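A.B. asks: Before I ask anything, let me first share the structure, which is written out below as structure tokens.
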């Protein structure tokens, strides 16, 4: 007989303990049933669970029980959600077996029935390790899927409430998959699972003409995100009513080729032409363009002769002036970790950084020495790029720096934006550095044409998996719908291996390319 590990025994013991009658009547379970009752009353006032629709489920949080073994509490189906009491809830095992059912109530109440959403809730628990799941019938979540009946996604960017969605910031593009509705809730299970798998970063799935499923690590996370999603859907609907495009950074007028309702009058013609349809209307077969910066949008000389020297000359001043701020302390923590690793690997130029006990001056001096060596070696590491971004931000704010782009870049960005093509930046520089550069050019703030920014936190630019990670964020149907433009041959090879279309930018000052590189090249964005 095979030996059973201590961990397995402990897990099995936890399962048995949580299914005991004593545990079913314990405080953690009672508190969770009461919490669902309270939340359903609140959600009813928001219009999320009216007409007995919608539902909520929460795992019974208990520090002594592994999350995978925690019990599940679920609201019933066909019940007036605003009138529910804790005794109306179902308590289930981690696999969905019912352990405790509510008692029947006299007429006109219906016999108790577990939520029709149960199979879908269990998928979110299983595939996302969720701590709570909310199913809302909020009007906003229904209408936003109806604006374009052919849309497979909801996309929005540059809205403050995006920050309330796990893993997203103001400048990011939020992508929510849309699945088609069915006559019975349980029939949505496979479609929901496929959407969760296809969109690994999403925390929600919209159901057309129906509502939305939202999950989080805890009930607080799920509730917070649910409020943010509904806000964003409402904003999108109102922007659409005003003829404005919610999916673009500047939320400008919807291009006339789309029409106020997304250009559906042209759908038959566009379908024959093989065009793809976005969430707002018809767009070319190329849905997204990802741009490198150095040697692609911006002269290499600007980076090597302006930005790098500025960071090198001002690193000491910046660290001294901001030393005790949380931001700089985070920069120092990253640098310490990087330098420790460099010393172990024998990297030339790396020098020991003393502890804080040595005093601010000694620490700053050591940091400056390491940073100067990193800049000289042009190292593409997060610790350096994050600090450089903070130094450059100060330079742009003080008008000591002005972002530089090639003359053809603003024209192309405006053209692509008008065509409904999403444009992103992928650079070894930090996302902050990218934003301040494009936000402070001699052509003005170009960020209104950009849908998002990627840096080396998604991976090295010469590794194929980095581009695969970016594709997951963009949520395109096929990698070939994304064009990547760079001046570096190795980056082009990596992106091509991930399935992206690739063009190499040939600009003054760029390095030579292999004679047999076989990539299309352009000297200007006007050629794209």
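Every residue, even glycine, has its Cβ placed from backbone N, Cα and C.
Below are the features I grabbed from TrEMBL:
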REGION    1-245  region 'Methylthioribulose-1-phosphate dehydratase'
DOMAIN    34-237  domain 'Class II aldolase/adducin N-terminal'
BINDING   117  substrate 1 binding site
BINDING   135, 137, 210  Zn(2+) binding site
REGION    289-528  region 'Enolase-phosphatase E1'
BINDING   427, 428, 461  substrate 2 binding site
A.B. asks: Using the centroid of the Cβ atoms of 427, 428, 461 as reference, list every other same-chain residue with Cβ within 8 Å of it (recorded substrate 2 site), in sequence order.
C.D. replies: 292, 293, 294, 380, 426, 429, 455, 456, 491
A.B. asks: To the nearest whole angstrom, state the Cα distance for the pair residue 461 (substrate 2 binding site) and residue 210 (Zn(2+) binding site).
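C.D. replies: One finds 41 Å between the Cα atoms of these residues.
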A.B. asks: Who sits close to residue 210 (Zn(2+) binding site): which same-chain residues at least 6 apart have their Cβ under 8 Å from its Cβ?
C.D. replies: 137, 142, 145, 181
A.B. asks: If I take every residue in the region 'Enolase-phosphatase E1' (289-528) and average their pLDDT values, what number comes out?
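C.D. replies: 93, rounded to a whole number.
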A.B. asks: I'd like the number of other C-beta atoms within 10 A of the C-beta of residue 117 (substrate 1 binding site), please.
C.D. replies: 27
A.B. asks: Look at the binding-site residues 427, 428 and tell me which residue has the greatest number of other C-beta atoms within 10 angstroms of its C-beta.
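C.D. replies: When each Cβ's neighbours within 10 Å are tallied, 427 tops the list.
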A.B. asks: Among 427, 428, 461, which the record lists as binding substrate 2, how far apart in Å are the two most distant Cα atoms?
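C.D. replies: For the residues that bind substrate 2, the greatest Cα distance is 8 Å.
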A.B. asks: Would you list the other residues of this chain near Zn(2+) - those whose C-beta lies within 8 angstroms of the C-beta centroid of 135, 137, 210 - in sequence order?
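C.D. replies: What remains near the Cβ centre is 53, 54, 136, 138, 141, 142, 207, 211, 212, 213.
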A.B. asks: Just how many other Cβ atoms lie inside 10 Å of the Cβ on residue 461 (substrate 2 binding site)?
C.D. replies: 22
